[in-house]
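Asker: Below, the features straight out of TrEMBL:
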| type | residues | note |
| --- | --- | --- |
| ACT_SITE | 76 | active site, proton acceptor |
| BINDING | 166 | heme b binding site |
| BINDING | 167, 213, 216, 221 | Ca(2+) 2 binding site |
| DISULFID | 45-88 | disulfide bond |
| DISULFID | 94-289 | disulfide bond |
| DISULFID | 173-198 | disulfide bond |
| DOMAIN | 35-293 | domain 'Plant heme peroxidase family profile' |
């Protein structure tokens, strides 16, 4: 799941921002032999999962889009971190809280549920620019997308499944302006709809938002893939997944089978979460998720 360049926190897919923030909280370039565990906090913070779930549920019930805006709330308001600190001060890492909250937002919005592996620690230093530079932009082509994911040990199928997180969330006009005005592999009526809120001229309406999934923008489902098949992918990098290339068959399969998408999405999320986390005595448990201790 790639980052949406030039998007605002809360205006892009929650999982796009989840991926970036996880890169900031844990050192994915490091390596470790320690294993994560689904019951890591069973004794030290037994109410962790219920605390995160109830907090995320409350936020989404107030506004459905909050599922996709999870990280804006998390890092600007620290609402989940504050709730967990109340029940288990100084015990749970921000990286783990984020992983649980991301899972919960998917489930609450109608998607699958999975057991989150826990035991990560937070990085003592991190570079947002380095994380951004290491993740494909929304202008990326299929080769660039697959190469980057493959370099992290994620397969092409993982790429397509994780991209399905764009079934929720929004993107800024600057991220899709070139696509809706200059590209030919786009449904004409869809392009016209998006052009109404995204003027051609740079600097005009740059921050205007559009849903990544025009059909069900606040439901986690497989309509994202149906959109791609109908040439209604909002971002250039989205439509690259269904553009006469090697991933067309995967997209078509997910469009036809929600269960297949859900299963592969869960597998890919777990796989991504296993990418060289900080564990043991490495890193720290941040007291404030917005900064190192």
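Positions of Cβ are set from backbone N, Cα and C atoms, glycine also.
TrEMBL annotations: computationally assigned, not manually curated.
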Asker: Which of the listed binding-site residues (213, 221) has the least company, meaning the fewest other Cβ atoms within 10 Å of its Cβ?
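Answerer: Per-residue Cβ counts within 10 Å for the binding-site residues 213, 221 bottom out at 221.
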Asker: For residue 167 (Ca(2+) 2 binding site), write down the residues of its own chain that are at least 6 apart in sequence and whose Cβ falls under 8 Å from its Cβ; none is a fine answer.
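Answerer: Correct list: 212, 213, 216, 219, 220, 221, 222, 223, 224.
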Asker: Counting Cβ neighbours within 10 Å across all chains shown, tell me which of the disulfide-bonded residues 45, 94, 173, 198 comes out on top.
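Answerer: Most Cβ neighbours within 10 Å: 94.
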Asker: Excluding 167, 213, 216, 221, which residues of the same chain place their Cβ within 8 Å of the centroid of the Cβ atoms of the recorded Ca(2+) 2 site?
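Answerer: Going along the sequence, the neighbours appear as 168, 215, 217, 219, 220, 222, 223, 224.
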Asker: Determine the most Cβ-crowded residue among the recorded positions 88, 166, 289, using a 10 Å radius around each Cβ and all protein chains in the structure.
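Answerer: When each Cβ's neighbours within 10 Å are tallied, 166 leads.
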Asker: Just to verify a number: CA distance, the residue listed as 'heme b binding site' to residue 88 (disulfide bond), in angstrom, no decimals.
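Answerer: Distance (Cα to Cα, whole Å): 33 Å.
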Asker: Please report the Cα separation of residue 94 (disulfide bond) and residue 45 (disulfide bond) in Å, rounded to an integer.
Answerer: 14
Asker: Validating a neighbour-count step here. Other CB atoms within 10 A of the CB of residue 216 (Ca(2+) 2 binding site): how many?
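Answerer: Cβ-Cβ neighbours of residue 216 (Ca(2+) 2 binding site) within 10 Å number 18.
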Asker: Quick one: of the disulfide-bonded residues 173, 198, 289, which has its CA closest to the CA of residue 88 (disulfide bond)?
Answerer: 289
